[in-house]
Amino acid sequence: MVGIPGPYQFTGDKRVPAMPGSPMEVKIHSRSSPPIMAPLPPVNPGGLRPVGFPPSSHSNGINHSPPTLNGAPSPPQRSSNGPSSSSSSSLANQQLPATCGVRQLSKLKRFLTTLQQFGNDISPEIGEKVRTLVLALVNSTVTIEEFHCKLQEATNFPLRPFVIPFLKANLPLLQRELLHCARAGKQTPSQYLAQHEHILLNTSTSSPADSSELLMEMNGNGKRHSPDRREEERETAPAEPPVKRVCTISPAPRHSPALSLPLVNSTSHFHPTPPPLQHYSLEDIPSSQLYRDHLNKIGEHRDVRDRHHSSGVNGNLNNGYQEELVDHRLTEREWAEEWKHLDHALNCIMEMVEKTRRSMAVLRRCQEVDRDELNYWKRRFNESNEIRKGSEHPSRQHSPSSTDSGASDSVRDFGSRTGAGYVTDEIWRKAEEAVNEVKRQAMSEVQKAVSEAEQKAFEMIASERARMEQTIVDAKRRAAEDAVLVVNEQEESTESCWNCGRKASETCSGCNIARYCGSFCQHKDWEKHHRICGQSMHTQAKPLTPSRSLIPKASDPVLLSPTLERSSSATSRSSTPASVTAVDGL
């Protein structure tokens, strides 16, 4: 067959080919030369007809990379990052089978529906932003890269690496279908999409995929998810690839010997070992197509198994290739993470159980305390009732018959209470009444004690105030008496100084009575002495002669004239007391 090597020609069975780069059922084909090669042509239902595309069809800078195993998408490698609508022009001329287009469109619609539902789960505003981004992506107003960046900014969740190649491979199909429907309705694609938005984002026909298969486990700032979302995402392994894993597409020198062993598919049929890929190199495969993500491989293996059962081939190999089965065993790191989460959950449960046990113990103790307190107040109430009854009927205390009757009444009352007809509400009511009565008595006693204490305090304050006033009056009286006594002592003492008590050497010139040791003590004592100075003079005095001394003696009575009194008072107001001059009676 032309264009396909002999060992890898198709058999006569009808097989629907996959479009290049789609994540549906794809087989690995070896190429005879490493240069650019067009994708496989569609199969003619009437028979196989070799069709080859000339190399000029790839002059737009698009090189189709080889398809990967496990149904993973293989996006084209672009030399320029243009919008996604540029791929629709190259695919518009290719006629694809109806089943291929329907399957790819269904996957793409389910993917877009999942994105919108994920945004709605976060918040209605984010859901509206995601819906706007999806419509803009389908209308080719934004590129796939811009859609990826804006979606990550809106939801704070990055998409998985296989999403961008998947969109680049399958978005042109959806855009071509939208263009065809818009032309049939004589509308523009944007108008048709605005009117038939429910067809694109319809969730009733097929269940959308899990958002954890499309989004990373950690958000942009590295925070953990909420617990409810974490439970949904924990059913799969972390996003980090295992350390030791056979690459899905590897060059010939790195072909693992483990692939030479026959593998068993889900229908227990053995398949021959596929030959190594001799014409591929790591430079031909973009980094986003390696798909080392464990979650992606599990989802791809599930799709491969479903397609294998639906195809009904049951081990019939058309091209001698088989799809590699994915190892579902967890790595040591994944097991450690799972055990750590399990241990944390068990610790949380144990803490909750311990807290519940402590709370129950506290409640039990509180109930016991309340029961004891209730019994105590019941006893107090019964005692108060007995005392009240005893005070109301004092005559019964003197007669034994009345005492016996009272005891029998109390016993009868207690028996009626403990009988089957005793109501619990009545017990609580009486207990509350007893408690209230005791509280009222206690409050009255407290108020009485407070009033008595206040009265005593007022009496003590009044008595202390009276005692203090009496003490002040007594102190003033004693001070006055002491002053008079000092003055009297000074008057009686003629040889001692009236100020300091030492031996006196001078006499006051005003009264000729006060004695001082010097002028300093006379000045110091003048404030007290000037009130009585001159008042103790004798009423009769002998007339003074000119030859007589200016200072009269204390034994000679002198009768001072008014002029002498004025001069003595003027002399007493001066700084230094002076001698009194004799004035004639003339």
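FYI, residue positions are counted from 1 along the chain as it appears here.
Cβ atoms here come from the backbone N, Cα and C positions, even for glycine.
Values in this document were obtained by computation on a predicted structure and should not be read as measured data.
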Annotated zinc finger segment (source Swiss-Prot; candidates 127-163, 423-459, 497-533): 497-533
Of the binding-site residues listed as CYS508, CYS511, HIS529, CYS533, the one whose CA lies nearest the CA of CYS517 (Zn(2+) 1 binding site): CYS508
DSSP state at CYS511 (Zn(2+) 2 binding site), helix/strand/coil: coil
CYS508 (Zn(2+) 2 binding site) CB neighbourhood, other CB atoms within 10 A: 21
Rounded inter-Cα distance in Å - CYS500 (Zn(2+) 1 binding site), CYS508 (Zn(2+) 2 binding site): 15
Neighbours of CYS497, CYS500, CYS517, CYS521 excl. site residues, C-beta within 8 Å of centre, Zn(2+) 1: SER496, TRP498, ASN499, GLY501, ARG502, ALA504, TYR516, GLY518, PHE520
Alpha-carbon spacing, HIS529 (Zn(2+) 2 binding site) to CYS497 (Zn(2+) 1 binding site), which is rounded to whole Å: 12
